[in-house]
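Participant: Here's a structure for you.
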Amino acid sequence: MSEPRLFRGGPDSPGDDIQEANIKYLSGWDQWKQANRKSWRKCVEDTKELLSYLELWRHDIRSIEGKFGTGIQSYFSFLRFLVLLNFVIFLLMFSFVTIPSTVSKHGVFNGSYVKPSLKSTEPECTVYIVSGTKGLIYFYTYIIDLLSGTGFLEMTSLFYGYYTVDTVYFGIVRYSVPLAYLLTTLAYLSLSLLWIVKRSVEGFKQSLVRNEDQFQSYCNKIFAGWDFCITDVNAAQLKHSSLHYELKTDLEEERLRQRAAERTTQEKIRIYCLRIFLNLVVLTVLSACFYSIYRATVYSQENISYDKKVKLEDNLWVQYLPSVVITMTNFIAPVIFSLLIKLEDYSPAFEIRLTLMRCVFVRLANIGVLLFSLWIRITSCADQKCETCGYNYKLYPCWESQVGQEMYKLMIFDFIIIFAVTVFVDFPRKLMVTHCSLKACRWCGLQEFDIPDNVLEIVYGQTICWIGAFYCPLLPAIATIKYFIIFYVKKISLMHTCKPSARPFRASSSNFFFLVVLLIGLVLAFIPLGLSMTHIRSSKACGPFVYFTHSWDVIAYTINRFPDVLKKVLNSMASEAFAVPFFMVLCLIMFYFIALAGAHKRVVNQLREQLVMESRDKLFLIRKLTEAQRLS
């Protein structure tokens with residue numbers, strides 16, 4: 001073993017001698033380029049090694065990996081990725097939106113404020129009075145405001161209504177806050193998309209390779225299934241049982257495939273009818289969840305009271321009613337799905353995937369239903385004056401801030417639920433199982449650290465952050481603090497109250513699954529933001545887009561102020577004469593990469609056949625050598 005290591009990396013290895021001999025025959029310019037390339041590569045490697053020591057939670061994640069394996073470690077790495085992503089989003093919003101508006105309001109730089117023209121806007125549309133900020137204010141009122149985002153928080157930089165600055169002048173530079181607000185929103189969405197796609201590519205490659213050949217998957221489990229990062233005895237026993245579970249699951253799937261192939265026509269009709277009926281039950285459960293969220297949102301919006309005489313608990317209950325109902329549906333619906341999936345007679349692997357996708361859909365669709373309920377209330381007009389404003393100005397004079405308050409409440413309530421479940425459910429359960437001698441307590445057992453459920457929790461919160469950052473620009477800062485605390489909460493829970501899930505999860509498949517679910521949440525965030533920017537009229541009483549019918553109109557307004565030559569170029573790029581050739585070029589590039597992928601696949605198949613032939617040749621030579629030894 002020492003000779004190969006010397007050949008690969010030793011300072012006096014034969015590989016270095018060969019490279020030095022080849023350098024002698026290069027020209028001076030090529031030698032200089034190769035020396036610079038080598039020194040640059042070494043500098044990059046040293047920099048990466050130095051930065052690895054500055055990596056957030058490096059020691060904590062490695063200790064988790066050593067005790068519980070790479071599957072659970074991938075969850076905490078994913079949580080660290082979301083902390084960094086939200087911190088970058090916060091820096092974007094804070095640098096390009098919050099700071100310019102704040103310094104202008106405090107007179108550090110000259111600026112102009114948005115003032116709607118009464119000739120083009122009804123006077124009623126421009127009235128915006130923050131409730132609960134006048135007269136005697138009790139202490140519990142501050143608690144309500146802090147938990148719901150109303151009162152003293154409503155006109156802070158936390159929400160959309162604070163940003164009423166139109167232009168900031170940094171010397172001779174004219175800075176448009178509305179344009180910066182919209183472009184920064186598009187920037188953080190695009191950055192999130194690119195970052196997620198970049199991280200998911202490697203997991204996608206490994207998933208393709210692993211799922212291409214069942215025999216290869218079986219060999220990987222037998223010969224490369226052990227996780228050598230595990231040092232804990234209990235975790236090693238769990239990993240052993242997990243591998244046993246995987247092999248047993250593969251055999252069960254093969255048995256189910258064989259049984260499915262032997263089904264008669266009558267049995268196929270029966271199972272398909274049963275699946276159709278159970279899917280109708282699933283749709284009924286989803287409809288009940290969505291309707292309950294809609295009714296809770298309507299009730300909450302109709303009964304929110306800013307009267308100081310109303311009790312604290314009553315007002316909080318009304319304001320948090322949609323969040324409570326969403327949390328209950330997120331808990332109840334997956335339990336029903338897990339019971340129904342056992343009756344549908346699918347393979348174990350497909351059962352897991354289908355149940356997870358249903359849970360993903362119900363969690364993310366609940367947010368969509370909440371926003372749909374709010375926008376029905378916002379755009380519904382009872383009189384002609386309301387139609388002139390384009391939205392219900394009586395109930396929602398600054399509807400963007402009120403949508404931001406709903407996202408803020410969802411974020412706060414989600415954190416409270418995660419923290420409360422860990423402290424008031426997991427820890428007492430651990431104490432009961434450890435110190436209680438009753439059979440019921442022993443049967444209950446420790447809480448499993450279920451990776452998919454924990455991932456769905458944080459993806460749900462991240463989707464709220466993506467949607468709410470437009471209406472609540474500092475929401476990414478709250479999400480960063482929230483996930484930072486959740487990391488330690490989950491770590492303590494894992495170390496002291498939970499046991500790893502018996503269901504195996506590899507790091508590669510886990511990372512790919514996490515990022516796919518996160519990508520679904522990002523796509524969902526694009527839809528309501530795009531519709532609100534282009535189809536719902538901007539508030540005329542608050543925010544930076546008072547001058548525009550829709551917030552997206554600031555793009556057309558900015559383009560119209562460009563020089564004529566640049567406007568012609570941009571208009572030509574937006575025309576059909578440019579779009580059709582551009583689409584054709586994209587199709588040609590796509591066909592080229594498809595052909596290239598097909599060629600690479602054929603080469604891979606040929607190499608596999610060559611490896612098989614080489615193994616047969618080796619067996620043949622070994623057989624001949626054995627026969628020659630016997631004859632001699």
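Note that the numbers count up from 1, one per residue, in the order the chain is shown.
Using N, Cα and C of the backbone, Cβ positions are placed for all residues, glycine too.
Because TrEMBL annotations are produced automatically, they should be read as predictions rather than curated entries.
Take a look at what TrEMBL says about it:
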TRANSMEM  78-99  transmembrane segment
TRANSMEM  139-163  transmembrane segment
TRANSMEM  175-197  transmembrane segment
TRANSMEM  276-297  transmembrane segment
TRANSMEM  317-340  transmembrane segment
TRANSMEM  360-378  transmembrane segment
DOMAIN    398-508  domain 'TMC'
TRANSMEM  407-425  transmembrane segment
TRANSMEM  464-489  transmembrane segment
TRANSMEM  509-529  transmembrane segment
TRANSMEM  541-559  transmembrane segment
TRANSMEM  579-599  transmembrane segment
Participant: Which residues, given as numbers and ranges, are at least 6 beyond the ends of the transmembrane segment (276-297) yet have a Cβ under 8 Å from it?
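Facilitator: For the transmembrane segment (276-297), the far contacts come to 321-322, 324-326, 329, 332-333, 336-337, 340, 343-344, 358, 361-362, 365-366, 369-370, 372-374, 377.
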Participant: Mark yes when the transmembrane segment (78-99) and the transmembrane segment (175-197) have three or more Cβ pairs under 8 Å (sequence separation 6 or more) and no when they do not.
Facilitator: yes
Participant: Six or more residues beyond either end and a Cβ under 8 Å away: which residues meet both conditions relative to the transmembrane segment (509-529)?
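Facilitator: Apart from its flanks, the transmembrane segment (509-529) reaches 70-71, 74-75, 77-78, 185, 189, 192-193, 196-197, 199-200, 202-204, 206-207, 210, 356, 360, 364, 367-368, 371, 451-452, 455-456, 459-460, 462-463, 466-467, 470.
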Participant: So which of 139-163, 464-489, 541-559 has the most C-beta pairs under 8 Å when paired with the transmembrane segment (407-425)?
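Facilitator: It is 464-489, which has the most Cβ pairs under 8 Å.
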Participant: Based on Cβ pairs under 8 Å, which of the stretches 78-99, 464-489, 541-559 lies most in contact with the transmembrane segment (139-163)?
Facilitator: 464-489
Participant: Please indicate, using numbers and ranges, the residues of the same chain that are 6 or more beyond the transmembrane segment (78-99) and have a C-beta under 8 Å from a C-beta there.
Facilitator: 56-57, 61, 157, 163, 177, 180-181, 183-184, 187-188, 191-192, 195, 199, 455, 458, 462, 465, 469, 473-474, 476-477, 479-480, 483-484, 486-487, 490, 511, 514-515
Participant: With DSSP, how much of the domain 'TMC' (398-508) is helix, how much strand and how much coil, in residues?
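Facilitator: Summed over the domain 'TMC' (398-508), the classes give 85 helix, 6 strand, 20 coil.
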